[in-house]
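Student: Sharing the feature lines straight out of TrEMBL:
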type: ACT_SITE; residues: CYS2; note: active site, for GATase activity
type: DOMAIN; residues: 2-213; note: domain 'Glutamine amidotransferase type-2'
type: BINDING; residues: ASP100; note: L-glutamine binding site
type: BINDING; residues: LEU262, ILE289, SER363, GLY364; note: ATP binding site
type: SITE; residues: GLU365; note: site 'Important for beta-aspartyl-AMP intermediate formation'
Amino acid sequence: MCGICGKVNFDKDSTVDRRVLENMMAIMNHRGPDDKGMYIKGQVGLGHKRLSIIDLNTGKQPISNEDMNVWVVYNGEIYNYRELRKRLIEKGHVFKTESDTEVIVHLYEEYGESFISELRGMFAFALWDEKESVLLLARDRVGIKPLYYCMTKDSFLFSSEMKSILEDPKVKREENPEIVDRFLTYFYIPGTETLLKGIHKLSPGHYLILKNEKINIKQYWDLNFSNSKRNYSFEDSKGQLIDLLRESVRDHMISDVPVGFLLSGGIDSTALLSFAIDETDKDISTFTIGFEGESFADERPFARLAAEKFGTKHYEMTMSSQGFLNFLPKYVWHMEEPVCEPPAIALYYVSKLAKEHVKVLISGEGGDEAFAGYPNYRNYVWMERIKKIIGPLNSPISVLIDKLGNMRYLEKLKKYAPLMTLEMKEYYYSRTSSPSGYFNDNKNEFYSKEFGDNINKNNSAGITRDYFENITKVSNLNKMLYIDTKTWLPDDLLTKADKITMANSVELRVPLLDHRLLEFAANLPDSHKLNWFTTKHILKKAFSNKVPKEILYRKKTGFPVPYESWLRNEMKDFVYDIMMDKKTLNRGYFEKKSIERLIRENSQRMNHSKVIFSLIVLELWHRKFIDNDCIT
């Protein structure tokens, strides 16, 4: 895993400024502390910061073909590079390294831009074809690796990180107000735009061609549900799943440096570990984290259980509220896009611990999106079933539930009964377009008049709605999985996973997001994924003999950082100071009285912690990326 960057001047007689390229590379030193390389020839400059994982001695980048007229800088891992290399050698290509990077150059020579579909792995790369004066950018299928680009009036820039692009003095630091609204709608930023005006994300499964000062973006992969109505035997499906997952783990264990595992105490990471033990005769290190003074959802006992069962070298650490607060400014700096992900701060500390022992970590991201692990999938399916039973009685039942008060089980019915009258599209939109529901309900009174008048407050919702319209003839469950794979997964979870581990110069790998595994899961019958009350049904059955039952059927907790308690107690002065600071209020986004009410209610019985954390992140983001304050 590395950091890549580059610049193409539109004036063909100009030369890329070496100092700009060096600065673009230097600010990403955490992505590649082992080595660096540059290629500058006239109007083109390519930069690379290397974290050495495979072919430690000869894998230096940028790398070229034999004629030195095709150059590439690349970030990621191609797990099938050995078979691709063998095929290319048989066709007469000559290799000078053992690295996976060089395969890209020769594949392009052999197949042109269509070669991208041959790659299996996680990647973001830039390829310069000198003869054709063409720049090709590509990003892996699900967005494991980041890639940003920016077009100015006289150049095109790209990088693994936005802060790198900002090192070019011609790129303006200007926020996009519409994207502020989008962030406060989703608590992350789905889609190709970023909060920095003019800087864009290349979508997962897409590639970009720059030629003659014009860009053309094409899609080379999408999650395909064309076989979703096939009648799979459950036992056959279970066997296929085990085979695919075993092969994916084997691929993800390829490394010339030590590999470790993040253990969350859940089924995903434990299942992956169970296969890894069979793939190596070396000791495997595992890592987990807990929280000071909090025991309501401590995952360490379950992680220990897995570590003991599989005989790993297990390491643990504890994070405090002070540690959480100390890293918060750096969290914003490393994430670059405002994302409401308190667990990312825990990920930083545990990957820092891991760095003392390994250079590569394997994690369980993707299992929920592939095999329907989130509770909202189950909730919707059950609402569909209840709607069929109660039909027109729904409205009277909702009224009756309200009259019956606060009985434990009725509270959940009160929460979901009003949604039973919604069609699937409106239901899932209501769950994805504002996870807290707060901003959708209060935008008019929360936003300042000037800010509210200058944005389209309904525009942000279009992203989820567009995906609903574009995918047809599949079940409602698969629609939800598809949307989360297109939005939440790349723009929240994988953004966090990449950038926070790379803050410690650690590569994170995610075997459950092998595209063959995703395609297999997409075409399973719904009942294989969600069986009555059981989420991840087939995954749990497939590993019933390998994963301890205490882990297999434990309640899903996510990554339970106790930040809600910390914001109300240990961090309450920090919350007030930053939220009520003149600099914050002078942004002109919010009404002061609404912020005061938010803080007051959160300190009492209402829980606005997610909203407050998001507003803090947004303000710290402005201070770093717009004001250019030294907050790190």
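Every residue gets a Cβ built from N, Cα and C, even glycine.
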Student: Which value in Å gives the longest Cα to Cα span across the ATP site residues LEU262, ILE289, SER363, GLY364 as recorded?
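Tutor: Value for the max Cα separation, rounded to a whole number: 15 Å.
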Student: Judged by the number of other CB atoms within 10 angstroms, which among CYS2, ASP100 is the least packed of the recorded positions?
Tutor: ASP100
Student: Calculate the distance in Å between the alpha carbons (Cα) of GLU365 (site 'Important for beta-aspartyl-AMP intermediate formation') and the residue listed as 'active site, for GATase activity', and round it to a whole number.
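Tutor: About 20 Å separates the two Cα atoms.
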Student: Same chain only, sequence gap of 6 or more: which residues have a CB within under 8 Å of the CB of ILE289 (ATP binding site)?
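Tutor: Listed in sequence order: ARG300, GLU316, MET317, THR318, MET319, ALA346, TYR349, VAL350, LEU353.
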Student: Tell me the Cβ contacts of SER363 (ATP binding site) under 8 Å, same chain only and six or more apart in sequence, or just say none.
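Tutor: Set apart from SER363 (ATP binding site) by at least 6 residues yet with Cβ under 8 Å, we have PHE261, LEU262, SER269, ALA497, LEU508, ARG509, VAL510.
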Student: Quick check for the class: what is the C-alpha distance, in angstrom and rounded, between GLY364 (ATP binding site) and the residue listed as 'L-glutamine binding site'?
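Tutor: GLY364 (ATP binding site) and the residue listed as 'L-glutamine binding site' have their Cα atoms 24 Å apart.
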Student: Across all chains shown, how many C-beta atoms besides its own are within 10 angstroms of the C-beta of GLY364 (ATP binding site)?
Tutor: 23
Student: Round to the nearest Å and give the CA-to-CA distance linking ASP100 (L-glutamine binding site) with CYS2 (active site, for GATase activity).
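Tutor: Answer for this pair: 13 Å between alpha carbons.
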